[in-house]
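To start, the structure itself, in structure tokens.
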Amino acid sequence: MEGLVNNSGDKDLDEKLLQPFTYILQVPGKQIRAKLAHAFNYWLKIPNDKLNIVGEIIQMLHNSSLLIDDIQDNSILRRGIPVAHSIYGVASTINAANYVIFLAVEKVLRLEHPEATRVCIDQLLELHRGQGIEIYWRDNFQCPSEDEYKLMTIRKTGGLFMLAIRLMQLFSESDADFTKLAGILGLYFQIRDDYCNLCLQEYSENKSFCEDLTEGKFSFPIIHAIRSRPDDRQVIQILRQRTRDVEVKKYCVTLLEKFGSFSHTRETLAQLDREAREEVARLGGNPFLEAILNDLLNWDRTK
């Protein structure tokens, strides 16, 4: 909580305003974005005080985005507990999320670099462009191509990765270009999340079963199923229903398996894993990033 208080120092006010935000912090996530920042510092070698501020900024922006995502997606659970807006209401949750975004921008100013704010705004714009077009597809019922999906994902999921890297580069002597690696990681994280949402038991325990189907989301396996079987409209009709019926969702999962959509997704994940490792090696190797990639391979046990 200390790191969230604004410069006015009104702790009592902030405690009230930030209740929806601190609520989701009671069950910490995997801190993967903070781990990535520390991993990239193997190459960038910036001072710890700057690294810690960047890590705080990324975590604040990530967690605030989760509050908004859960409202936009009509989610029920987040990290195994009821979503914040089901406890504190939509209005307070939106305000808390927006407030934390500006607290994060205020923290960017503390980095005391003339380009830091511009970098932050650039990447937040990219993130919202990616998030926005994904919502547009869902709400207008337009199934994107895989290439359109990948561009959206690099903007949305890769946006915070690039924000961390670009902020760190402001204080580094390294001139390495990490754009390709950040894009690969963004794709890998999102496609892995799409796959695990439909296949991995622990996702069902922390969210509702196959939540992406209830949301009506054009996730990577869904896009493959719809695009590869244009004459079979079962999957797209199930998606249109935004169903909470577990039996219907289980049937959709069997269709995705039958259509080869899970197999295609696993092949894509394996390819992204290879590409990430090759890019890490090209950049000189990084044991911390390699360890993160190893940890992410839990999707492979769902075969």
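Any Cβ shown, glycine's included, is placed from N, Cα and C.
Summarising model confidence by region, the motif 'DDXXD motif' (69-73) averages a pLDDT of 94. The motif 'DDXXD motif' annotation in Swiss-Prot covers 69-73.
If you draw a 10 Å sphere around the CB of D69 (Mg(2+) 2 binding site), it holds 16 other CB atoms from the protein chains shown. Classification of D69 (Mg(2+) 2 binding site) by DSSP places it within a helix. The feature Mg(2+) 2 binding site is assigned by Swiss-Prot to D69, D73.
The Mg(2+) 1 binding site annotation in Swiss-Prot covers D69, D73.
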